[in-house]
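Taken verbatim from Swiss-Prot:
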- 1-80: topological domain 'Extracellular' (TOPO_DOM)
- ASN38: N-linked glycosylation site (CARBOHYD)
- 81-97: transmembrane segment (TRANSMEM)
- 98-111: topological domain 'Cytoplasmic' (TOPO_DOM)
- 112-137: transmembrane segment (TRANSMEM)
- 138-146: topological domain 'Extracellular' (TOPO_DOM)
- 147-171: transmembrane segment (TRANSMEM)
- 172-191: topological domain 'Cytoplasmic' (TOPO_DOM)
- 192-215: transmembrane segment (TRANSMEM)
- 216-232: topological domain 'Extracellular' (TOPO_DOM)
- 233-258: transmembrane segment (TRANSMEM)
- 259-322: topological domain 'Cytoplasmic' (TOPO_DOM)
- SER280: phosphoserine (MOD_RES)
- 323-348: transmembrane segment (TRANSMEM)
- 349-356: topological domain 'Extracellular' (TOPO_DOM)
- 357-382: transmembrane segment (TRANSMEM)
- 376-380: motif 'NPxxY motif' (MOTIF)
- 383-471: topological domain 'Cytoplasmic' (TOPO_DOM)
- 451-465: compositional bias 'Basic and acidic residues' (COMPBIAS)
Amino acid sequence: MDILCEENTSLSSTTNSLMQLNDDTRLYSNDFNSGEANTSDAFNWTVDSENRTNLSCEGCLSPSCLSLLHLQEKNWSALLTAVVIILTIAGNILVIMAVSLEKKLQNATNYFLMSLAIADMLLGFLVMPVSMLTILYGYRWPLPSKLCAVWIYLDVLFSTASIMHLCAISLDRYVAIQNPIHHSRFNSRTKAFLKIIAVWTISVGISMPIPVFGLQDDSKVFKEGSCLLADDNFVLIGSFVSFFIPLTIMVITYFLTIKSLQKEATLCVSDLGTRAKLASFSFLPQSSLSSEKLFQRSIHREPGSYTGRRTMQSISNEQKACKVLGIVFSLFVVMWCPFFITNIMAVICKESCNEDVIGALLNVFVWIGYLSSAVNPLVYTLFNKTYRSAFSRYIQCQYKENKKPLQLILVNTIPALAYKSSQLQMGQKKNSKQDAKTTDNDCSMVALGKQHSEDASKDNSDGVNEKVSCV
């Protein structure tokens with residue numbers, strides 16, 4: 001009897017709740033259709049209906065039900081991530097085009113920057129859209145489970161390639177400052193591409209264990225329905241190998257490069273001052289020197305002064321390049337350090353830290369790291385005139401630089417002037433040779449005249465002697 005009473009009581013309570021729900025729904029629908037309800041009533045009806053929908057889905061914990069709830073909300077974070085994706089893809093495509101088409105930018109450092117732009121562009125194409133999709137689905141993995149390991153692999157690959165490219169650029173600049181002769185001799189386009197291939201090979205080797213183990217065991221890449229690295233050992237080792245060790249090398253070599261440039265600039269300035277003092281004491285009055293000696297002195301003096309000016313110019317160019325690269329390095333460190341530090345904290349203080357807070361921080365910090373891929377083209381635009389002019393032309397669909405009228409005049413007139421000057425020099429040489437021949441002929445004629453006069457005087461003296469003897 002007690003059981004029957006309890007069942008009747010539960011059935012009656014359920015029936016009453018359903019009747020009350022139907023009455024409330026009918027009341028709200030009638031008020032809404034008749035137009036008698038005001039704005040606040042309509043808003044309350046909407047909120048109440050959403051609450052009832054949430055209550056009806058409380059028992060449904062499947063990913064599809066939760067995904068529908070999150071898709072109904074306005075997600076401004078997804079909109080911001082879409083803007084970051086567009087900027088990343090468009091900006092890095094411009095960098096690739098600039099290095100490929102502009103001859104001024106075709107050197108070893110810019111080849112590294114082009115490869116870095118390729119990594120950032122692929123990150124924007126293959127990784128960021130999937131990450132935005134997980135945001136829309138409440139950080140649940142909406143794709144097939146086998147693609148989770150592949151997505152994490154691409155994410156780690158392109159992020160590792162970015163830091164490895166910056167580390168290689170820093171090492172290459174340091175070697176160029178310390179041993180410029182060896183670097184200029186072996187720093188061809190082929191050598192630069194071989195270094196880039198080595199960077200990509202290292203990046204692939206570091207990130208390859210993710211698909212190898214993740215495809216075999218889903219627990220290493222899934223955690224509570226979210227696609228992320230769940231293996232603590234790989235998180236620790238990967239963070240140090242792919243970020244902190246290259247970061248340390250990059251920072252040390254960058255500061256050593258700056259120190260070497262400052263030292264070379266000081267030595268160059270002191271060397272130029274010493275040469276100027278020696279030159280002021282060694283000059284003689286122009287009247288006491290012949291034109292030939294003056295010409296020889298100018299020939300021997302010009303290369304030294306030109307070399308000094310060229311050395312200062314090269315040091316200045318290196319300092320400007322280091323300034324731009326320093327900004328790129330700093331932005332990369334500032335934007336990626338929070339993610340990797342939080343990633344290590346999630347492993348070290350796993351029991352004491354709040355997992356929900358750590359997870360929310362990682363979701364924010366990873367997009368701050370992605371933002372560095374979109375910032376690099378903006379840095380090149382602000383601090384490099386060649387990149388800036390190339391980007392502006394490419395946006396206007398002008399892929400070749402239009403020569404200015406002055407440049408066209410110089411291109412048309414300089415060869416003619418050079419030809420005329422060469423012809424003038426050849427004419428002067430011919431005239432000098434002809435003058436030398438005429439002087440030689442004159443000298444030979446004078447010598448013949450002198451010999452003829454001597455012979456004539458000799459004949460006259462012989463004739464006089466004969467006459468005297470006859471007498």
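Using N, Cα and C of the backbone, Cβ positions are placed for all residues, glycine too.
From a predicted model like this one, the values you see are computed outputs, not experimental measurements.
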The transmembrane segment (233-258) touching the transmembrane segment (112-137) per 3+ Cβ pairs under 8 Å rule: no
Which of 81-97, 233-258, 323-348, 357-382 contacts the transmembrane segment (192-215) most, counting Cβ pairs under 8 Å: 233-258
Residues of the topological domain 'Extracellular' (138-146) by DSSP state, where helix covers H, G and I: 1 helix, 0 strand, 8 coil
Contact yes or no, the transmembrane segment (357-382) and the transmembrane segment (81-97), 3+ Cβ pairs under 8 Å, gap 6+: yes
Maximum Cβ pairs under 8 Å to the transmembrane segment (323-348) - stretch from the list 81-97, 147-171, 233-258: 233-258
